[in-house]
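Here is what Swiss-Prot records for this protein:
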type     : residues : note
MOD_RES  : Ser12    : phosphoserine
MOD_RES  : Ser13    : phosphoserine
MOD_RES  : Ser25    : phosphoserine
MOD_RES  : Ser189   : phosphoserine
COMPBIAS : 310-320  : compositional bias 'Basic and acidic residues'
COMPBIAS : 330-340  : compositional bias 'Basic and acidic residues'
MOD_RES  : Ser432   : phosphoserine
MOD_RES  : Ser433   : phosphoserine
REGION   : 747-1037 : region 'Protease'
ACT_SITE : His847   : active site
COMPBIAS : 879-890  : compositional bias 'Basic and acidic residues'
ACT_SITE : Asp926   : active site
Amino acid sequence: MDRARPGRRRASSEIVTEGKRKKSSPADLQKITKLLTVKSEDVLAQSPLPKLRGSECWWTRSLRNKVICLDHKTTKAAHGCPPKALPKRHLKVMLTNVLWTDLGREFRKTLPRNDAKLCDTSKVQSDSLPSTSVDSIETCQRLDPLHQSLNLSERIPRVILTDIRQTELGRKYLKIPSVTEASLSDTASPKSEELSSSADGSLESCQNVNHLKSFLSERGSKPSRTGDISAKEAANGRQEQGDDGDIAPEMVTPQSKDFNSGNKGDYHEEGTSNKNTSYSHSETDHTPVSRKRKKRGRSNFHNSHNPKSSVDKSTEYIKEEENESTVSSKLEESNEDSHQDPAPPEGLTPDSLETEATNVCSFVVQEPDVSAASGRACSPNKSSESSVSSEVAENSSAAEKGEASTVKEAPPPGGNSEENQLLMSAEPIVVSSDEEGPVEHKNSVILKLQPSQDYEFMSENQTTSDPQLSELMLGACESVQVSSELCPYNPDMENISCINPNSEMDLKLDFIFTCVYIGKIKGTSKGCITFTKKYIKIPFQVSMNEISLTVDTARLKRFGLWESKDDDHSKRSHAILFLWVSSNYLQDIQTQLENPMLSQQSKANEFIFLELNSPISQREELKLKDIMMEIGATNGELQLSCPLPWVQAFPLFQDLSPQEISFLHYYCASASSFPAVAGADMKKKPVSQPSNADVVKPTYTFLHKQSSGCYSLSITSSPDEEWREVRNTGPVQKLIVYPPPPTKGGLGVTNEDLECLEEGEFLNDVIIDFYLKYLLLEKASDELVERSHIFSSFFYKCLTRKENNLTEDNPDLSVAQRRHRRVRTWTRHINIFNKDYIFVPVNESSHWYLAVICFPWLEEAVYEDFPQTVSQEFQDQQSQHDNKTIDNDPHTTSTVFTSAEESQSTETSMSVPKKMCKRPCILILDSLKAASIQNTVQNLREYLEVEWEVKRKTHREFSKTNMVDLCPKVPKQDNSSDCGVYLLQYVESFFQDPIVNFELPIHLEKWFPRHVIKTKREDIRELILKLHLQQQKGSSS
């Protein structure tokens, strides 16, 4: 081959010169093929190369988690020698370990002690690759002193591997992190081949030495290596052997190959600017965009590893450093975060690290087992016994989408077309020492190499877009496994909520909700509900009022999170967040809501239901539980550590009516809307029924017995079988007649009437009339009896009932007259205008209330002096109230209760004017205020007009001015069935504590205590049974 020809021939069908592609001639191809197909018997006999597949050979030695690769063809030249000194015979490579052979031990004895000069070979490094034969000869002459200093023999020995740890050279390299691997390429076979002794081989060797050294610094921090480095190291070995015939064993200590997220970031950042990228064992695609970086890397290797070589540092390298300052600063930050070496390598500057990080690895797919110690594993001392295993990727071709590996070496901008280098491939071979210790897989990196049989060369103008490169890199890294410590959370877990971290590490969580239910109140969302350790903020709107409710977490008792499991297609959310606050916190909630509907007596106000916009994610649920655990630990509520299930929460409010708790009324109106329990418990039993464990079986039973006029109560043990209530199916039996004979007008009470005295039953008219007669005859004073009259419960019903017009005798009568004719006989023996108080029980729509006609004989209000008896009685009652010596006997019910307001107003009227007011009026005493009061008052006024005409024979108008209607405040019922009981208690309290002063306003809120109502039904039952026994004894005697 002509030495004057500028450039070198590639081992391929293409030659790249100054950015242009030229086809090589068939003669050149045949010559290259002949050189690459020479086989060696020594290699076949002593090396395991034929056992490996592919067309490439790698030597890999595990040392401090590093990889050393050496080509078996690097026996052409040592480091540099004149072409005339090359031997005439061809070299053969023997693969062996110096620790295993006698040749290795003999060679170790011949090694010089001053091994520092071996590194001086890097002084021959120039700023750019030599492109002419003259430069090649000068480079080889520089290498002569090195080989002479080593006293190597003239013969060409076989290449052997030296354990670098046993030499001073190795001890020196152990102090600094060096390259991770050196790839030596081979394109023909794993066997030794005959080397050319021509001048071209020498020239190529000299040129390859420079380029090899330029990329060693880049291998220090990259997970993959370039194929041209392998070719240059192979040429380096051939140059050494052609010089003196002796070998210069040069071992490079690999650097740890543990990478963290910082390296990956640099890797992908540089990958976005690359051209067409593919993968192979020993070939690397260098980007044309980074020509300056490659050139800088070629001229910077020795300077970065040997501080003495600063004299040879070129000015071009300094300029390149200034141009790449921006990129280097970014890469320096990532490298500083990634590689925290305790002892930085001597002469290795941050700039060189930045340059190394910019090269893209395109033929190796790494599968790191990332751990917390990966950043520290870069230390040479800690990783000296670690190994890096290289294996052939069996299925990586599919991940690469069937593309063949391509390599492209772009010449730097300067017209140096002679820098085209020979690219050869090598098959990986694993070589390790027995003394290296066990392999540490924790910090190791598995390299998957893509073998390639066909070699293609890409032009620098063929580009690969960034999306394609990203897709290629992702496809190659599909098998990468990263530990959970460094792996970010799954974005699929994200939902509508947002977690806001606080600088004080306070937990905070937001949910989007649609509705909130608090007691009777239903509100719509006006933002997100916020959970913190100190408060829960709920913004919502009721009608037109916007409210921001803040719940103190110190008052939180339990919480629940329920999701429905049904598969209906309703658009409504089935995620409910439940909060249970303490009862003593209801006053604060009512103050914030400014809503009187929130009564503190109702248990329903303790429950807050939040209808979420959508079910929460698992990450949000864990965050919510953490917040609740913090609240529970702070406030001592250990029950907050776990949410309350639906089956345990539903019995708390299942007995409440939908009118009291809006959640049951709006959300749980349909069975499908009920939240389901996350488990099989909800499927086994309905939500409306408590579990069997909650049902307590009675241990005894009450028995009521009546025999021979005696009524007895006994207790017996609980029966084995379930007992059912047995109602009396016999004939109706009259228990009493009140008043008893011989008094006329007695009212009979039967055993069926006693049934309405059960809890939850409405009182019938018989019980109402009986007890009113009893109060008038037994409880009222004689004076009140003379001044009072009580109509039957049937009076008002008869007064207002509708009759057929055919039954009317005189159709010319008015409506009021016709009504009066229906009840005209009710007062034939009494003149109601001689009475002060007329009691009219009214039943409308199954609701009882009382109407009291006061002073019907008066036409206007009259003020009179208090009688002595009344004044003295009032003073006695006042003193009893002040001394709190009131008798609360439920049977006698002789207690006198007066309100403070009434007492104060009455005392004022007595002390100052000492007058009492008698006002004609109609008092409406209603415990529920649910009836049409105006119609009732108007009907009674019309009745009084007609009755006045009948009794007084004159006309008098009863209007709103002379017969006003008053509705004083009285004790109210707390259920829907005690209206009749309250009516009876109103009359009883009136007889015990009559209203003597009708000066407005009239306050009767504290007329009687509530516990009197609770025992009233039982008192009436006992009274009827007592009278029954008395009448039975009287009849028997």
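Cβ coordinates are placed from backbone N, Cα and C, and glycine is handled just like the others.
When the Cα atoms are compared, Asp926 (active site) and His847 (active site) turn out to be 9 Å apart. For His847 (active site), other Cβ atoms within 10 Å of its Cβ number 18. Asp926 (active site) carries neither a helix nor a strand DSSP state and counts as coil. For Asp926 (active site), the count of additional Cβ atoms within 10 Å of its Cβ stands at 23 [all protein chains shown]. Per-residue pLDDT, averaged across the region 'Protease' (747-1037), gives 80.
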